[in-house]
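J.: Dumping the structure here so I can ask a few things about it.
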Amino acid sequence: MGNCCRSPAAVAREDVKSNYSGHDHARKDAAGGKKSAPIRVLSDVPKENIEDRYLLDRELGRGEFGVTYLCIERSSRDLLACKSISKRKLRTAVDIEDVKREVAIMKHLPKSSSIVTLKEACEDDNAVHLVMELCEGGELFDRIVARGHYTERAAAGVTKTIVEVVQLCHKHGVIHRDLKPENFLFANKKENSPLKAIDFGLSIFFKPGEKFSEIVGSPYYMAPEVLKRNYGPEIDIWSAGVILYILLCGVPPFWAESEQGVAQAILRGVIDFKREPWPNISETAKNLVRQMLEPDPKRRLTAKQVLEHPWIQNAKKAPNVPLGDVVKSRLKQFSVMNRFKRKALRVIAEFLSTEEVEDIKVMFNKMDTDNDGIVSIEELKAGLRDFSTQLAESEVQMLIEAVDTKGKGTLDYGEFVAVSLHLQKVANDEHLRKAFSYFDKDGNGYILPQELCDALKEDGGDDCVDVANDIFQEVDTDKDGRISYEEFAAMMKTGTDWRKASRHYSRGRFNSLSIKLMKDGSLNLGNE
């Protein structure tokens, strides 16, 4: 009968065992090939089988080192969360120290309604397990995506909670170092649910005046001094300022299609307050954003000063009018999509059946008022207005620029369908297979750099080699020099935009990025 009769909990438990046991974890000594004893990470906790006291059920989330499961305490039947960190993935002394420090910091910080509570840490031969309170309301990140952005009043409330977490950490000698929307969960699904910080995996203890040089964090939320390898607790306020900017407008203040481009934007420090919806946002909110994103950490606000700022103090009086809609958020998402995905969407558009494309075609024909086969900015603005989608001129211009690969200032039918496909997310596996075959010219089951370059050349531009290399850096996740169908489908389904990119973390990659920035002159270390 196979697996059909087993409970999800049984499957989950077996998955945990398969993840952490077996020959992959076994270590052999140099002499006789005998297995060495499993590594010990936490010296102050008893070694025990977690399943003696807890039932591990369905998977809730997955990170670079750990898998988080729904966890049921056998004695009380309480629902909890368990983050299981595989020892097999702790390959270096630095990795082991990170886990030790994460546990130490969660035990060190006082109990707070804004920080997830660690019930206990335990360890067996295969993993370190952190048993924590369960937060069922989902990520702050996901609520931003679902809404596009918050009202000012809601943004002020969320920002207050985030900065209170920062203040608590700094008061107790901890720098978080990885503040981002994904690391905050709502306790429940209610609108007024408490918000809790959950992940302290990159956090570190500090003493007043102490400086750090290791580049860690998530690209879009990094302070400039992190890139310059000379930073202190002020970086958490910068990251909170980036989150505030996103809460108010739906995109980060510094973004580009490559990590190097993002880093250079951060170092330039130019903040856009002109694009919608910023003209409708209060000056006090903008003032706070500016002071939190102050490039000089010595002049940047402290957590205490942020909480004393008039916009936070008067949060209940802040405007409660929605600042935009989900369509705007999706348009922005499309605007940072790489050229590979844009091309693939156009290929898919050509394969759509008459039924699938009929509604899109009707909309295009209605917008193309002069019947010349293209939609101008004015026609697009008028059409979106007719379809009850209120977009400012800057938003429409951004949409045109995102898909208008030839720089005509207009959209032809194929480009228009590509936009609609992305917004409606109608591409299925059959469409993706056809699009993949278009790029896989030799039919060997992989897209090679030259094949991608040749496809990009069809849309013009002589920089296809550099663009193809950048795309491979992002999409070729197993780094075998080719793009498989699975990697292609993952890119198409999740998007190669800032939301996906913000989840990536790699010490090696950021160290390499820092070297690049020094070589091209972006970093001016002499000013520190």
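Keep in mind that glycine also has a Cβ here, set from the backbone N, Cα and C atoms.
From Swiss-Prot, for reference:
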{"type": "ACT_SITE", "residues": "ASP178", "note": "active site, proton acceptor"}
{"type": "BINDING", "residues": "LEU60, GLY61, ARG62, GLY63, GLU64, PHE65, GLY66, VAL67, THR68, LYS83", "note": "ATP binding site"}
{"type": "BINDING", "residues": "ASP368, ASP370, ASP372, GLU379", "note": "Ca(2+) 1 binding site"}
{"type": "BINDING", "residues": "ASP404, THR410, GLU415", "note": "Ca(2+) 2 binding site"}
{"type": "LIPID", "residues": "GLY2", "note": "N-myristoyl glycine"}
{"type": "REGION", "residues": "17-37", "note": "region 'Disordered'"}
J.: For the recorded Ca(2+) 1 site, enumerate neighbouring residues of the same chain (Cβ within 8 Å of the Cβ centroid of ASP368, ASP370, ASP372, GLU379, site residues themselves excluded), in sequence order.
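T.: Other same-chain residues with Cβ inside the cutoff are MET367, THR369, ASN371, GLY373, ILE374, VAL375, SER376.
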J.: In sequence order, which residues at least six apart in the same chain have a CB under 8 Å from the CB of GLU379 (Ca(2+) 1 binding site)?
T.: MET367, ASP368, THR369, ASP370
J.: Given GLY66 (ATP binding site) and the residue listed as 'active site, proton acceptor', what distance in Å do their CA atoms have, once rounded to a whole number?
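T.: GLY66 (ATP binding site) and the residue listed as 'active site, proton acceptor' have their Cα atoms 16 Å apart.
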J.: Considering Cα atoms only, can you say which of ASP178, ASP372, THR410, GLU415 is the nearest neighbour of LEU60 (ATP binding site) among these recorded positions?
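T.: For LEU60 (ATP binding site), the closest Cα among ASP178, ASP372, THR410, GLU415 is found at ASP178.
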J.: Within 10 Å of the Cβ of ASP178 (active site, proton acceptor), how many other Cβ atoms are there?
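T.: For ASP178 (active site, proton acceptor), the count of other Cβ atoms within 10 Å is 21.
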J.: Report, as a single number, how many Cβ atoms besides its own are within 10 Å of the Cβ of ASP370 (Ca(2+) 1 binding site).
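T.: By my count, 9.
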J.: How many other Cβ atoms sit within 10 Å of the Cβ of GLY66 (ATP binding site)?
T.: 23
J.: Could you tally the C-beta atoms, other than its own, that fall within 10 angstroms of the C-beta of THR410 (Ca(2+) 2 binding site)?
T.: 19
J.: Could you round the CA separation between THR410 (Ca(2+) 2 binding site) and ASP372 (Ca(2+) 1 binding site) to a whole angstrom and send it over?
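T.: About 11 Å separates the two Cα atoms.
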